[in-house]
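Chemist: Okay, handing you the structure first.
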Amino acid sequence: MSNKLNGIGASNGIAVASVYVLDEQPIVIPKKDATNLEQELELINSSIAKAKKDLESLQAIAKEKLGEEKAAIFEAHASILEDPAMAEEFTALIKEKNYNAARAIDEVSKKYIEMFGAMEDAYFKERAADVKDVTQRLIRYVLKMPVLDLASISSEVIIVAEDLTPSQTAQLNPKYVKGFACNVGGRTSHAAIMARSLEIPAVLGLRTILSTAKEGDVLAIDGSTGDVEINPSDKSVWEAKAKKFLEEKAELEQFKTKSTITKDGYDKFILEGNIGSPKDVAAVLENGGEGVGLFRSEFLYMDNDHFPTEEEQFEAYKKVVSDMNGKMTVIRTLDIGGDKKLSYFAFPEEMNPFLGYRAIRFTMDRKDIFRDQIRALLRASAFGPVGIMFPMIATIDEFVSAKKFTLECKAELEKEGVAVGKDLEIGMMVEIPAAAVNAENFAKHADFFSVGTNDLIQYSMAADRMSENVTYLYQPFNPSILRLLKLTIDGAHKHGKWAGMCGEMAGEPDAVPLLMGLGLDAYSMSATSITKARSIMSKLTLVETQELAKKALECETSSQVLDLVHKLMSDK
Ligand code: PEP
Ligand code: MG
């Protein structure tokens, strides 16, 4: 019987194959006290050695299949095993509480998993999976349980699992593993990142796939839409989907190296990548990104146990700017608070942290902390074109005083004889409706705008972006949002400034024609969306997108706007 489910499309592609249920024997932690402490400590050490050996060979396999950078995850895993603080905690529990080895590891790992898991930022949340992956392997060795070997799969399958750990993902041979479908996980999990590198279609966050699909079933998955069908009723539908996907993929490949130009020859739009850390630059360049339109600098602060020093930040920014090799890098100053917390700094308790003490409101209040970041950014600007961008600007005073502070830091550096770049631009995010409405005045002071639609939409619709109950209000195509975009873009242009967008909307295929018509200059998105946006632009004339935008601005609803876009794109 066919059965349809929908999850999160985590790695594009279509696959149809037999189900392989990855059902590891669950770990049961024995509660009994240790009788021989030395023996327990020795057991941990020998298991660590075995796990490290596994990680070494996994790293070698991954290096060959995924490249050096992706394989580095296993080095990170090995460093978790080598962490002296963790080892001390194991020893303390065994010596002081008489815990057996497995229980000690379980207890300590739970603490770290909980710590990472409690972080709201998706990237850090996923790091909990790394600790879990490593410590579960260790516990399996301690308890003398089998450790699964996925590399030995030798017929075409789709893996169905609760979750796939990074080490399991790295073992998959794309020749046989055609895809995977998991109950948990999202687009930023390691499994998803690796699946994209291996080009294996994956659907995650399915919740009930493990209890629904059985060994012997045939599974069809669409890694772009997240659609899954167990025992598909009409295989030809899936064959057609697969054919279309492969054709599109082949067509998009050429756009990695093409220039960004519309059908009628307009070549001023630029397509850029959003990054969260220096290692993300490679994907931006590989996909033909013409710059970095948003570097979320939070990672430097969140992946740390102290406010990063000027020097630590300078090294990270300099790396990105140098790697971009003359292309523009827009770095956003610390956007902390709201959902993003720091383990080493207590933000005040507030009823509505998203509307509270965060981002520019925090940094301008704590100039001691802000100074280090601004100085690091200014120093990095000596290595290539840099845009410094302030998040969550609501008033002209906020922007003007943040810019003044930046210029003071610049003067300070120059006085010290430290080089600062000549191509420095100082701009702002437009993510609060008040800023969009007043854009024309902001443009007198700011060098550029970058619209953060993720927040602009949540604040315009009064709909918390973290709440699953109000996701229907995330409406990028609502005419009210389009009108705010028009005010922002026109405001910038009136004063000869450029307007970009770095929220998710910029990379939405349906949004691109509208944004072109509204005159948006820079489009910053996840690296893998760049080729699609470039292909869309190549199929459209500027005039037809302008007509589209004009009609869209007169619409009443989101669906009317989408109908217009689909009508225009239907014969392209
Ligand atoms: C946005 O709000 O659209 C944005 C790009 O910033 P973030 O998603 O980091 O809040
Ligand atoms: Mg934002």
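Placed from the backbone N, Cα and C atoms, the Cβ positions cover glycine too.
What you see is a predicted model, and the numbers here were worked out from it, not measured in a lab.
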Chemist: Which of these ranges is annotated coiled coil in TrEMBL: 34-68, 209-243, 524-558?
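Modeler: Residues 34-68 are the ones TrEMBL records as coiled coil.
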Chemist: Quick one: which of Arg296, Arg366, Arg371, Arg375 does TrEMBL put in the phosphoenolpyruvate site with Arg332, Asn454, Asp455, Arg465?
Modeler: Arg296
Chemist: C-alpha of Asn454 (phosphoenolpyruvate binding site) to C-alpha of Cys502 (active site, proton donor): distance in Å?
Modeler: 9
Chemist: Sorted by position, what residues of the same chain at least six away from Arg332 (phosphoenolpyruvate binding site) have a C-beta under 8 A from it?
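Modeler: Arg332 (phosphoenolpyruvate binding site) has long-range Cβ partners Leu294, Phe295, Arg296, Ser297, Met389, Phe390, Pro391, Met429.
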Chemist: Any of the binding-site residues Glu431, Asn454, Asp455, Arg465 with a C-beta atom under 6 A from ligand 1? Give them in order, or none.
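Modeler: Only Glu431, Asn454, Asp455 qualify.
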Chemist: On the DSSP side of things, how many residues of the domain 'PEP-utilising enzyme mobile' (155-226) fall into helix, strand and coil, could you say?
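Modeler: Across the domain 'PEP-utilising enzyme mobile' (155-226), DSSP assigns the residues as follows: 19 helix, 19 strand, 34 coil.
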Chemist: Measuring Cα to Cα, tell me the gap between Cys502 (active site, proton donor) and Glu431 (Mg(2+) binding site) in whole angstrom.
Modeler: 10
Chemist: How many of the residues that make up the domain 'Phosphotransferase system enzyme I N-terminal' (6-127) does DSSP mark as helix, as strand and as coil?
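Modeler: DSSP composition of the domain 'Phosphotransferase system enzyme I N-terminal' (6-127): 82 helix, 13 strand, 27 coil.
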Chemist: With the phosphoenolpyruvate site defined by the record as Arg296, Arg332, Asn454, Asp455, Arg465, how many Å span the farthest pair of C-alpha atoms?
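Modeler: Value for the max Cα separation, rounded to a whole number: 20 Å.
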Chemist: Anything from the recorded positions Arg332, Asp455, Arg465, Cys502 with its Cβ under 6 A from ligand 2? List those in sequence order.
Modeler: Asp455
